[in-house]
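Structure record follows, encoded as structure tokens.
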């Protein structure tokens, strides 16, 4: 009985924290809070990659992990479909997938994963501290969730599921919420891309 009570309390506490995080994200004002970070990671080809390498094109930045059962592949598919719908204008944008699970998402895993999506998708990984720096800079979040008594290698990562749109100079423009359709993303992107 005590175990059930503790589980319910933990769920309520977790939901309360999630609500506070969601409320903070809804109140976020781009004019008053900087989004983005100086960083050094490793791309899916094993090359050093910094925030400076992102400059020059619009960027769609997504945080997730390759073992994600549903949200990450769905979001990356929406990004891919949106870029396909943009046609030639997609050349103005570069998509990025930054792992929040570097313990499992090494260079080889990332390389095999990103090839299933847009050919221009760049997968980025690094050490835990390197990833934490980027996550903090983008005001994203993640949490490792392990099943009590379960296999410690079969955990999930609860994480921010928004797609960040950044300008060619690295400035934050907006976030697209999880669940947006490719068409809705294209309509929004067309408002920011040069005519």
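Backbone N, Cα and C define each Cβ position, glycine as well.
Pulled from TrEMBL, these are the features on record:
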- 68, 72, 159: Cu cation binding site (BINDING)
- 68-72: disulfide bond (DISULFID)
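If you draw a 10 Å sphere around the CB of residue 159 (Cu cation binding site), it holds 22 other CB atoms from the protein chains shown. The Cβ neighbour count for residue 68 (Cu cation binding site), using a 10 Å radius and every protein chain shown, is 20.
Of all the Cβ atoms in the protein chains shown, 24 others lie within 10 Å of the Cβ of residue 72 (Cu cation binding site).
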